[in-house]
Amino acid sequence: MKNSYLRFLAMIAASTAVMFGLMYLNTYAADHIYFSETRLFMALYMGAAMAVVMLAFMLNMYRNRFANIAILAAAAILFSASLYLVRSQETIGDVAWMKAMIPHHSIAILTSRRAEITDPRVRDLADGIIEAQVREIAEMKQLIRDLESTSTRVSILSDRP
């Protein structure tokens, strides 16, 4: 029975990792893919919700009441904590924010370029969105480079006696 619970947890962990990766499939270009803490937190709350749903559907296979309650409690805590982190953005600083925004902007480019838009007014709006998102992605990439190189220089300098 212990093995079945380990398998259940492995299934939830693997599915959560897959969901995290799947969130990047709607980016327009591969160079728009950056690690995003926000997407990680979203994958975690989806994994927590999935654990509850899957356990509920498979209760006849998982009969250890204590283990089931522990899974539900852990899922509730993980869901609440990760939802809080997504909503509060408490762990997100300058670079992390831009690394989350680049894939987000990329989605706007993808949908604006590929949608079957026929009304000229809507097409103008979509083209304006594309132009703005491309410009903002380039600006964010430059800022990331600048901030990351500055923080590296600062940490090297602060290590000196």
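From the backbone N, Cα and C atoms, a Cβ is placed for every residue, glycine too.
Annotated features, as they stand in TrEMBL:
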DOMAIN    94-143  domain 'DUF305'
TRANSMEM  6-28  transmembrane segment
TRANSMEM  40-60  transmembrane segment
TRANSMEM  66-86  transmembrane segment
DSSP-derived helix, strand and coil totals, residue by residue, for the domain 'DUF305' (94-143): 45 helix, 0 strand, 5 coil
Integer average pLDDT (0 to 100) for the domain 'DUF305' (94-143): 98
